[in-house]
Structures are given as C-alpha cells and as structure tokens.
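Novice: My questions all concern the structure below.
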Amino acid sequence: GRSLPGGRAAAATHRNDLAFSGLPLPLSARLVHHQGAAAVGRSQPARLRIGGVERRGRARLQGARDVRAAMQPLGQKDSLPMEAVAEGLQTGQIQDAETLSQLINKVTLPKHPRARFGELPNGLAYCILPNAAPAGRFECHLEVCAGSADELVSQQGMAHMCEHVSYMGSKKRERLFGTSSQTNAQTDFHHTVYWASCPTYRPSSGVPMLPLALDALCDVMEAKFEPSRVEKERSAILSEAAMVNTIDYRVEVQLLSALHEENRLKKRFPIGKVEQIKSWSNQEVKAYHAAHYRPNNAHLYVIGDIDTDEAEVLIQKTFSHLESRDPPVYPPEEEMVIPNLKNDNRFLPPVSHEWLGTRSHGTDKPRVHIFQHELMQSFSAHIFAKVPVEPIRTLADYREAMIRRIVVVALQIRLNVHARGKPIVMVEFSHLDSPREGCAVCALDLVVESDDWQNGLSIAVREFKRMTEHGISQMELQRCLSALLSDSEQLAAQGDRMTNQDQLQYLMENVACDHTFMDAMQTHQATQLVTAGLTVEEVNGVAAELCRHIAYFGKEGEPMPSSVVACAPSGVDVTADAVVRALEDAAAQDVAASEETVVPPTLVPADKLASMVAERKPSLSDADDTGGMGVVCKKLDNGVKVNYRTCQSESQRAHLRVTVPCGRAAEKGFAEGSMAVGARAMQDGGAMLGWTREQVELFCVDHLVVAEIACNEEFLFLEFVFPTNKVSNEPDDVSGMEGVFQVVHGLIADFKWEEDALERAKQAFVQTHEQVSKSLEAAAAEHLLDGMCGGDARYLSIPGEKVEALTLDQVRSAVTSRLTTDNIELSVSGDFDPSELERLVTSYIGTIPATSRGGDRAPESIPGPLPGAVRDLFLRVPDSDERAVAYVAGTAPNRWGFLASGEQALDTQPLKAPNPAKRLLAEFSGGGGGGRGGGR
C-alpha cells in the first residue's frame, strides 16, 4: 500500500502541468475541476455563441418556451434547465451578456445521465458508472472515509497499518490472482482506498468477475487480524518507512507541516511514527478497524464495462449484511476541534483551517518557515493561501471556477517566460481543490539559484503585482477562452472512451468536493455557456483578489498568506526575516502593464510553403518494409522514414515522435555530454524560421501543442502531443497538426542555436549530477552502472566540470551530425485524416534538404566490466537519517533481442541446438556487462 504524503510540491507539479510550450494537462487532470484546468490557446474574440458538438435529446420548442419564461423578471422562475439557456443562445433569443448572466444564475448543473448514485439501509453509499474504455474491464474502489487525520495521538500510522492487514491478508483478494486483475490500496490524510481492476469475465472460464471483486472489497470491512499477518505487515511497513524517507519526502513534510500549522494535519502523516508501529498489539489495530470501518463511513465506486442494474443488485447482496455503527468519540485530551470539516462532509479530514483573510499585515506576524539540509541541491520558495472548497452545483458556480482557471493559466504563461532565464529555474502557480487537506490551496512554487534567491522572489512577486493591478489583456483572454473551448470539445467528442481510471479520478474528486458530476457533453455545454460574453473586466476583478496576498505582501491591512516556506541547501544564508524583507521590497515596487508579444498564426506562410514545394518537388512512396497491425510505412525522397496509424483512443488528438538513432552512445568522438546537453539546449531554445523563442512558444500555446526534446542512451527524441483540428476560428490560423509539422520542419531545417538556452541546459545537468551524488537510490544505481559498463562515461551522469566546459559549437555539431534526413524516422498515431497527414508530411518534412549521416552505422556497443572488476560493490552516501538500498543486476537481451555476444536471444526459426532458452540463461548467469548490443 502507498502511504506517501504527496506534499504540496509534488501535488503542484502533478496537477498543474500547464508548463512548457503550453502543455495541456494530462487527460485525467484535464477532467478535474470540470475541465477548468485546461491549457491555454489562441481564440477568436469573446462573443455570445454556442455550438461545435452535436447535442443529444434537444427539445427545441420546449427549450424556447423555457427561455422566454426565464427571461421574465427575476424571481418569477426559480430554476432553469441548462439545455434551455443553450437553446436560447443558439437561436438568438439571448442577445446580450447581461441577460445571459441573469439566466446563468438560475441554472442548476445537470447530473451525469448514466451515473447511478445510491445508499444501502446500513449507510453504505455507492456510485455505478458504465464506461466503454477499456472494453471488457471494470474497476471497483472502496473508499473508507478514515485516514491518518482520524488517528489518536497513540495511533500515528495505524490507518496505514490497517490498510496493509485488511487487504494483504484477505483470502478473497487472493481469488483474483491469475485472472488479469490488479489490486492495491492507499492511505492518505482523509481516507483509505482499496481497489480492484478486473476483466469483466474470467479469461479462462468466462465467469463474471464483479462478484469476486466485490467480495474482496467487502472482506476489507470484515478483516481478520491474525497475529501472523499483523507481524508480517508490520515488518513491511517499517521497511517502507525507511525507504520513503528521501529528501523529497522530507521537503514535502516540511511544506505540509507549515501550511497546516494550526491543525492536526501537521502531525498526522500517513506513514506514522516508527516507535509506535513497533509497539501496537493485535487488539489495538483491530480496535481502530472497528471504530472506522463502518458501512456508514464508506463509499463504493464501480465503473467500467458492466451492467448497472446487475451491479446494483450485487452491491446490495454483498454489502447489506454489514451493520451500521456510530462514529468514535474522541477523548478531550485529543484536542479534536468540534465542529470540523468532517462534521459536514465525511470525505474531508476532521480539521479546521485558518482561511486566507483571517490574518493580515500590520496586525499579525507572517508565518515563515525555513528548512535547510545537506542533501538539498537548490533554493525553493513556496507561498500558500488556504480558502474553502466551493461546491460547483450551479452554472454561476462553474463560471466563477472557470474565471479562476483563466487567471491561473494566464499568469502561468507569463511566469514561464521568467523560467527561461536566471535566476529562476522553475515556477508554478496553482489554485486547486484538495479534498485530502480539506481546502483549496493557492500555491506559488518557485525554484531559484541559491546565490540569487532574493532576485528570483522579487521577479515572481512583481509579476503577481502586475496581474493584480493591470490584469490580463484582451488577447490573453481570447487565447484562454479558445483553449478552454477546444479542450472541452475534444473531451466531449471522446465521450465514454475516457479510461476507467480517468473517469474514476474525476468522479471521486467531484463527490468529495460536493461538485455536480457531469458527463463530457454536459461539461462542454456548460463551458460554452459560461465563456460566452465573458469580459476582460470580470476576469481582472477575480485576478485582483486571487493574487493580492502575494502582490501586496507587507502592506498594512492586506491579507497575509497562510504560510511561506523556504527550503535551501545547508550553508545558504537565508533567514525568516530575510525572506520577509525580500517579499516586502518586491511588493513595494511599481510595475507597468505587460508588453504584448505578436504571435504569428502560422510559422510558415502559405506563399513560402508553396515556393518550397515547387522548388523541392517532394514525394512520398511506400517503404520496403510493411508495418502490420494497421501501421502504414512510407518513405520520403529525402530519406526520412514515415510511419502512421489512426486510432480514436483520444478524439481529435495525436502523438508524433521523431526518432533519431544516436543518444549518448553516439558521443564517442564528440565531447562528453554533448549529445544530451545539446538536446536539452534545443528544448530550452525555440527560435526558428525567423521567429523568436517567445513567439514560437506562444504559437505552441495557441495551438495546444505539447513539445519535448529528450536524449537517452540510444536515441534523440522529438515528441509532440497536439490537437488535430483547428483550435480557433481565425481564418489565417493553421490546425494543431499543421502547426506541429511546421515546428518539426523548423527544428530540423532552420533551428537557431542560442547561448542562453545552452546555459539553461548546463544548469539543469549540473544540478542533476549533484542530485545523483546525494541521492541514496540514484548514487547506488550510478555506482552499479559504473562497474557494469567499465566506467564508460556515456552511461553515467555528466560531471559538472564536463558540462561547464561544453561550447555551443560542440553541442550543435554533435546533435546535427545525427539529425540528418537519412537518419530520421517520423511516427504518428492518433485521430487524423490519413490523406491530410500525408499532405503535411510531404509539404513540411519532404521539403527539408536531403542530408546524410555518413560514416559507420554499426550499433554502438555497451562495454563490459574491466578485467578483474569487483562483482560486489558498496557505497556510502552521508545522510542525517540512516537508510540502505540494495540492487542486483546482470546482463540481459537488449530491446531488439540481442545478447552481448551478438546472438539473438530467441530464434524465430524452429529450435536448434543449443536451446535459445538455455543460451539466454547461460548469458544471464555468466555475469559481467554487455558487449555489442548487450542490455543492462
């Protein structure tokens, strides 16, 4: 079971992945907060409009009547269906933003039409949601509304212990083994969740699996606490407690402790206290289970390829015998605050918070916490503000949430510009509901260079003040609205093809936050309605309130952040007073409005593209090799290989990868680290085709293009995820797919290498090498590879002095020597028109002048250990907390199936002597490193 606390830093990174080149959130995160957390993009001017996705079950006549009735003086009609307002907007009956705003206040959000919510007489709540993806599978999640925040002082870690014993010791769970099922559990502040992901029918017999899965989860509620099982899980948890105690975990603990200084979350981390875990008796753990594992304190979710009626009958049959019980009564010495959040919502932890605005400058002292450790590599600052979770039940609620998301996304794009230069390394801003903490957290997370942290803080604070005083521009608003609508439309088109896991995450957070759970079509319609007629003045009003606790830090009467945390390596000169002074000084400075960057609608004008095609006359032909499995293989006359396959797993989206065989293995003959650092310099750069880096980055933002350039031991990758349709209705704008091909063309044919991008890349690699040397796990793995590969530097992290010595010419020469048309393979998978794809490939990739890698193309070898190398290696990494890790490794076939000797591990021909399996075992047991093509 997982007991990591997550932490504010980790949560911000995971849930606010808006970042580089306009990255949209992953699908699961895009669903959270009613699709309000989408990436930003370019837009047509805001106007009253609705449409784009066919709507189901419309009653036009009745809808018109409802609209006319609702447009009577306010108060004569209390509520209105969302469908009626959409109908009135589409038919032109709603002509102005004021009328639309009045109607929005009357609309209660519709519930998901296929989700069935219910509750058994014993209090067990359940939700059943049929879902088509993946076909033939379902998931059951049992959420017990008791986590580490519910523990007594003497029970710290018992929720996690109970999780281990209840599920790992379940005999009924073992009946799921060997059926292509997965099971697991996790403990957090506010709950413990047990889950089973299963095929709808047992593969071997065709027997339905839902009864078995429900039995396994019900067994958790009636767990047997056998002494042998308790002792076994105690040992596992103690081991887990040691392994989880990384420096990242310790930083997360510091952040959460500071954020929740006024309540019990600061001292109720799920992993618990080791000395208590060692001491509990079997009866003590059983007593915790009896107090909290009650049907009236649990919620069951069943989602997937199932029949709703059958599932409901099975739930009643399986769980109805459980008896409802009263909640535990906490003794006075526990200092359990009453009332608390859990009294009103059982999905939240039993705590109370000091909300933003409770404390103010001039009256209270700022809460600043400093954490320093020898294992830390950089300076980070975190400014938090806690506000209540606002349930989203009406269209007006949804509109407020959407405006907040627009502000967050617009500010994040501005902050990203600063993250491309010194002293800021990374900066993220988020405003997210957190059921685990029982609040919504507005967080600024900033990583800066340790020797210039005051300047880094000042830059960020001034950007917040700029947003507070000047707001966003009309162009920024248009960009955000267009992106929100495009992303919402894609999700609506996908319908029930969203995976069980994505749907479940969205559902569980909606239930916990008391939001109305809608399907993708309803959400898209709500998004269209709330964005229609939205004005820049409304958005800027919210921006001023959302940012002022940072923008006006130190100003008398202004709200004070809930907490400020600074984390730094040992030896960095930082104090709480110094942090306060830096924030106050920055907030006192005057700021001007942001300057607009002109963003091109296309990177390659139509006339220039026509000229290139006329000059090059590119052609695309069938490749010699056939792909199979629906893959179409082609080849351009300049040598670029092209593979594509259509699939509709995500509607109107696709993934493109440019693969270049080289990687760090190809650094032989070049400066050490040149290939890896060069790839990162391309990622941190972006100027091409006569456009600046800022223009290209905003072009990617506008077209919802995710871009990543990476290098591993074997390959250089150019990765893109993008919409295949047009994001905006502007006539000059290209589609997301055409935009990607323009970027790929620029990267290969006309990329501008820049010194400042190289410096940022160097900084990242120097920091990585330092992190490896101070991380127990990473240092051990590095030591192991050093021994297995004979000390070959290409397979190890790059020392700082080697990184600093690299020049722009060296990294450019290394990368471009392999980025030749005869050494490039381009693969695309997604929801697109094949004929359109071939046109774009031919026009943009086929017009790249032919170039040749030349030289020896033999696969690079991974060297073996040096003669007489020690087989058993030991390494000590200094740390304030003693921990240990062990790795066992040997040679194995590489991904292509070759052994170190060059032989194939498994012959596709009829078996010959010696038996390939025996040869494989002999190779593995022989020890040593790999030779030509050998894997690790």
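Cβ atoms here come from the backbone N, Cα and C positions, even for glycine.
TrEMBL feature annotations, pasted as is:
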type	residues	note
DOMAIN	129-266	domain 'Peptidase M16 N-terminal'
DOMAIN	280-333	domain 'Peptidase M16 C-terminal'
DOMAIN	806-889	domain 'Peptidase M16 C-terminal'
Novice: Treating G and I as helix alongside H, and B as strand alongside E, what does DSSP give for the domain 'Peptidase M16 N-terminal' (129-266) in helix, strand and coil?
Specialist: 66 helix, 27 strand, 45 coil
Novice: Express the predicted model's confidence over the domain 'Peptidase M16 C-terminal' (806-889) as a mean pLDDT, rounded to an integer.
Specialist: 89
Novice: Could you give me three numbers for the domain 'Peptidase M16 C-terminal' (806-889), the DSSP helix, strand and coil residue counts?
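Specialist: For that range the per-state counts are 26 helix, 7 strand, 51 coil.
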Novice: When the domain 'Peptidase M16 C-terminal' (280-333) is classified with DSSP, how many of its residues are helical, how many are strand and how many are coil?
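Specialist: Secondary-structure breakdown of the domain 'Peptidase M16 C-terminal' (280-333): 28 helix, 7 strand, 19 coil.
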